[in-house]
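S.K.: Below is the structure I would like to discuss, written out as structure tokens.
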Amino acid sequence: MPGDEKPVGVAVLGLGNVGSEVVRIIENSAEDLAARVGAPLVLRGIGVRRVTTDRGVPIELLTDDIEELVAREDVDIVVEVMGPVEPSRKAILGALERGKSVVTANKALLATSTGELAQAAESAHVDLYFEAAVAGAIPVIRPLTQSLAGDTVLRVAGIVNGTTNYILSAMDSTGADYASALADASALGYAEADPTADVEGYDAAAKAAILASIAFHTRVTADDVYREGITKVTPADFGSAHALGCTIKLLSICERITTDEGSQRVSARVYPALVPLSHPLAAVNGAFNAVVVEAEAAGRLMFYGQGAGGAPTASAVTGDLVMAARNRVLGSRGPRESKYAQLPVAPMGFIETRYYVSMNVADKPGVLSAVAAEFAKREVSIAEVRQEGVVDEGGRRVGARIVVVTHLATDAALSETVDALDDLDVVQGVSSVIRLEGTGL
């Protein structure tokens, strides 16, 4: 019976939205969790920055001495949900080095220091779990590390940031510009006071690094991930997207690439992209997340759900806690880091996609042929072209706008083409360059 087993001591570091929910689940579901683990889970302490009486938990559980809490002999598992890279890194390493398993949701730390943390866990023969670091409540880490362990993953792509997906969904459905949609997201609590990490793609890039590392058995850091944000997306881009039967989503894409010489590389990238309305990811709206995994034998799998928030993230954290505690009781370990492949990261210029290019041009004859010539010079094939008038607030035509959709082209060739277009006298400026994804997602 669970009650006959030695209790598993748990320390929780952080008592914000996620930490509070984790503590609530541990306390309110104690009997069920004990049955699933095979022993009671006992909360030994909660690490906070400041000990105050208004935290909703017994004050005797609170401490601001993180190092002392992690070092306690009666703590077997440390749950880290503090957030910042430091002091989280120090606390996690301290726990692992003392032989304690760790559960963390710290994507920023994992995207830069997974190797160091995994090595510390390996040396101490303990577990390091981080399901909640990517896409909140959506189970995607465990399927990649366990369910698909016998398969070859080819591609992982999806929407992994709820803030940007809410903003883009609002722009799509209401016609709002970026600033208005961001203000709405902030008012509803979907965007941080400083939204840079979300809207510039840093958050999604950290998650892409984690997913690529796991899926392809190599080591990818956030610095290896090509990144673009959503701040330059305009209502006009959505209008053109609709005309093409698409919407716009911020995608994280990780894929295995075979070069012409037959060697294997990994690509990891984050950017806004046009997605066909027929694709399942186009229907992922609001703050929801979704991840599509493609594997050789399993084919295409899709995971969908809430990607952020206290309760959804705590669900994933507590799931990891149960796994780590069960291993502790049984004297076993969970999956170890698998980095045997050591694949190089492909530079962005190597990647082939289709492109949507929008530019403001002079409203006179010969402009379209001049624009098309620059694409042809760099062997970028045009699939579709549209030209429309630009009017001022009074309805007077003041210029023209050309939208070009290409066939597959390398990023390097497209970048050269855009630079050349900007140098043309008849082009007043290239306003948008957005990739088209969908057929390979």
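Backbone N, Cα and C define each Cβ position, glycine as well.
Predicted, not measured: the structure shown is a model, and the values here were computed from it.
Residues or ranges marked as NADP(+) binding site by Swiss-Prot on the basis of similarity to another entry: N17, V18, R49, R50, K107, G189, E192, G309. Per Swiss-Prot, NADPH binding site is recorded for V18, R49, K107, G309, and the stated evidence type is similarity to another entry. What Swiss-Prot lists as NAD(+) binding site is V18, V37, G47, G309. Taken from Swiss-Prot, the feature Na(+) binding site applies to E131, V134, G136, I138. Per Swiss-Prot, the feature L-homoserine binding site maps to E192, D203; the stated evidence is similarity to another entry. Among the features that Swiss-Prot reports, active site, proton donor is placed at K207. Annotation comment: Swiss-Prot describes 356-435 as domain 'ACT', evidence class sequence analysis.
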S.K.: Measure from the Cβ of G309 (NADP(+) binding site) and count the other Cβ atoms within 10 Å, all protein chains considered.
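M.R.: A 10 Å sphere around the Cβ of G309 (NADP(+) binding site) contains 18 other Cβ atoms.
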S.K.: Would you count the other CB atoms within 10 A of the CB of D203 (L-homoserine binding site), including those on all shown protein chains?
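M.R.: So the number of other Cβ atoms within 10 Å of D203 (L-homoserine binding site) is 27.
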S.K.: Check the Cα distances from K107 (NADP(+) binding site) to each of the binding-site residues V37, G47, I138 and keep only the ones within 10 Å.
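M.R.: Cα filter at 10 Å returns nothing.
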S.K.: Using a 10 Å radius around each Cβ and all protein chains in view, which of these binding-site residues has the most neighbours: E131, E192?
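M.R.: The largest 10 Å Cβ neighbour count belongs to E131.
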S.K.: What are the sequence-distant neighbours of N17 (NADP(+) binding site), meaning same chain, six or more residues apart, C-beta distance under 8 angstroms?
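M.R.: In sequence order, G309, G310, T313 meet the Cβ cut-off.
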S.K.: What is the interatomic distance between the Cα atoms of V18 (NADP(+) binding site) and G47 (NAD(+) binding site), given in whole Å?
M.R.: 13
S.K.: Rounded to the nearest angstrom, how far is the Cα of E192 (NADP(+) binding site) from the Cα of G136 (Na(+) binding site)?
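M.R.: Given the Cα positions, G136 (Na(+) binding site) is 17 Å from E192 (NADP(+) binding site).
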S.K.: Which of the binding-site residues R50, E192, D203 has its Cα nearest to the Cα of I138 (Na(+) binding site)?
M.R.: D203
S.K.: I need the neighbours of the Na(+) site defined by E131, V134, G136, I138. Which other residues of that chain put their C-beta within 8 angstroms of the C-beta centroid, in sequence order?
M.R.: A132, A133, A135, A137, P139, V140, I141, N289, G307, T313, A316
S.K.: Can you tell me whether DSSP puts V18 (NADP(+) binding site) in helix, strand or coil?
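M.R.: Note: V18 (NADP(+) binding site) is helical by DSSP.
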S.K.: Do any residues at least six apart in sequence from G189 (NADP(+) binding site), in the same chain, have a Cβ closer than 8 Å to its Cβ, and if so which, in order?
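M.R.: Listed in sequence order: nothing, so none.
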S.K.: Could you check which of the binding-site residues (R49, V134, D203) sits closest to V37 (NAD(+) binding site), going Cα to Cα?
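M.R.: Checking each of R49, V134, D203 against V37 (NAD(+) binding site), the shortest Cα distance is to V134.
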S.K.: Between K107, K207, which of the recorded positions has its C-beta surrounded by the fewest other C-beta atoms within 10 Å?
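M.R.: Candidates: the recorded positions K107, K207. Fewest Cβ atoms within 10 Å: K107.
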S.K.: Using a 10 angstroms cut-off on Cβ to Cβ distances, just flag whichever of R49, R50 is the loneliest among these binding-site residues.
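M.R.: Comparing Cβ neighbour counts within 10 Å for the binding-site residues R49, R50 gives R50.
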S.K.: Among the binding-site residues listed here (G47, R49, E192, D203), which has the Cα closest to the Cα of V134 (Na(+) binding site)?
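M.R.: The answer is D203.
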